[in-house]
Amino acid sequence: MASRPLSSSRMINMGVAAALVLSAAAMAAGLEMDFYSSTCPHVEQIVKEEMVEILKEAPTLAGPLLRLHFHDCFVRGCDGSVLLDSTPTSTAEKDATPNLTLRGFGSVQRIKDRLEKACPGTVSCADILALMARDAVVFARGPSWPVALGRRDGRVSIANETNQLPPPTANFTTLVQMFAAKGLGVKDLVVLSGGHTLGTAHCNLFSDRLYNFTGANNLADVDPALDATYLARLRSRCRSLADNTTLNEMDPGSFLSFDASYYRLVAKRRGLFHSDAALLTDPATRAYVQRQATGLFADEFFRDFANSMVKMSTIDVLTGAQGEIRNKCYLVN
């Protein structure tokens, strides 16, 4: 079922709602809409132009770029720490197990290089990530939202701290606790999970549901929360627990488009991850999933997603004299 196109009035209402959320979140975080108005006034246009070319060359990067921002913000806040390379004395976030499948680092640096030519030493990698995530969603026909700017880049990236990232194996209680630790509520959880409408996932992130749900490790040891027909289809692609190379669309048939069809899959017990299935175990999130599964309220989801992204993008940001503006996103100055 295709999502309904949004009318201009709905888009305006969505923008107003996101702006209201932004006003409070940005004020609390110390960010500003016009932060670069005098120092790099064309920053958003430059990011947009590069994103058009990046996604033209590699349309499958929309989901990974959104995920990159999410993984950045959940560890040390939205400070670009996920972009840093490991050093001889410290293993960085990007080399921790949860981040080994992240993609898009080169695209971030591509935009950083252009901004360095236009406005040397001015725009942070953390701000670039926030803008790229927004534009990735927009170019995938999803909602837009205002991005307040002024984030500074962190100087620290520690692999072990990625234990703050909500894993795909998490149950509902764990997910709620991990989101709450970042100032995000149950509604943010079910709404941001909708980002799984974009992109792909490796078999090893969910193959225990197909072969080893309780640890018995046999063909009968499957997750009863997973639709049997879909399970058989996944098994035809993911041949074993050890398969860590095969990719699966998280929203089959629609993984390049941002829409509400993810919820239809979850309602049919066809979400890939434990964390997707967990949304059906709580009355509030189950009600949201079932409402969106009708396909009649995509504009509501778009508005909610915009609002939750605004909140997420302000988690524990560095501002003012904190951190630095990196010259290269993968290295501290």
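Just so you know, glycine gets a Cβ as well, placed from its N, Cα and C.
Remember, predicted model here, so these are calculated numbers, not experimental data.
The signal peptide annotation in TrEMBL covers 1-30. Per TrEMBL, domain 'Plant heme peroxidase family profile' is recorded for 30-333. Feature annotation from TrEMBL assigns disulfide bond to Cys40-Cys119, Cys73-Cys78, Cys125-Cys329, Cys203-Cys238. Annotation comment: TrEMBL describes Arg67 as site 'Transition state stabilizer'. The annotation active site, proton acceptor is assigned in TrEMBL to His71. If you look up TrEMBL, you'll see Asp72, Val75, Gly77, Asp79, Ser81, Glu93 marked as Ca(2+) 1 binding site. Among the features that TrEMBL reports, substrate binding site is placed at Pro166. Feature annotation from TrEMBL assigns heme b binding site to His196. Feature annotation from TrEMBL assigns Ca(2+) 2 binding site to Thr197, Asp251, Asp259.
Location within the structure of each feature annotated in TrEMBL.
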residue: Cys40; record: disulfide bond; CB count, 10 Å: 18
residue: Arg67; record: site 'Transition state stabilizer'; CB count, 10 Å: 22
residue: Cys73; record: disulfide bond; CB count, 10 Å: 27
residue: Gly77; record: Ca(2+) 1 binding site; CB count, 10 Å: 20
residue: Asp79; record: Ca(2+) 1 binding site; CB count, 10 Å: 28
residue: Cys125; record: disulfide bond; CB count, 10 Å: 30
residue: His196; record: heme b binding site; CB count, 10 Å: 24
residue: Cys238; record: disulfide bond; CB count, 10 Å: 22
residue: Asp259; record: Ca(2+) 2 binding site; CB count, 10 Å: 24
residue: Cys329; record: disulfide bond; CB count, 10 Å: 24
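In this structure the C-alpha atoms belonging to Pro166 (substrate binding site) and Cys40 (disulfide bond) are separated by 35 Å. The separation of Cys203 (disulfide bond) from Asp251 (Ca(2+) 2 binding site), Cα to Cα, is 14 Å.
Among the recorded positions Asp79, Cys119, Cys203, Cys238, Cys329, the residue whose Cα lies closest in space to that of Asp259 (Ca(2+) 2 binding site) is Cys203.
For the pair Cys73 (disulfide bond) and Asp79 (Ca(2+) 1 binding site), the Cα-Cα distance reads 7 Å. Long-range Cβ proximity for Cys119 (disulfide bond), meaning a same-chain Cβ under 8 A and a gap of 6 or more residues, is found for Tyr36, Thr39, Cys40, Val43. Across the fold, the C-alpha of Arg67 (site 'Transition state stabilizer') and the C-alpha of His196 (heme b binding site) stand 9 Å from each other. Annotation for Ser81 (Ca(2+) 1 binding site): same-chain Cβ neighbours under 8 Å, separated by at least 6 residues, are Asp72, Val75, Ala92, Glu93, Gly154, Val156, Ser157.
The Cβ of Cys203 (disulfide bond) lies under 8 Å from the Cβ of Leu234, Arg237, Cys238, Asp243, Asn244, Thr245, Thr246, Asn248, each of these being in the same chain and 6 or more residues away along the sequence.
The Cβ of His71 (active site, proton acceptor) lies under 8 Å from the Cβ of Val82, Glu93, Pro98, Asn99, Leu102, Thr162, Leu165, each of which sits 6+ residues away along the same chain.
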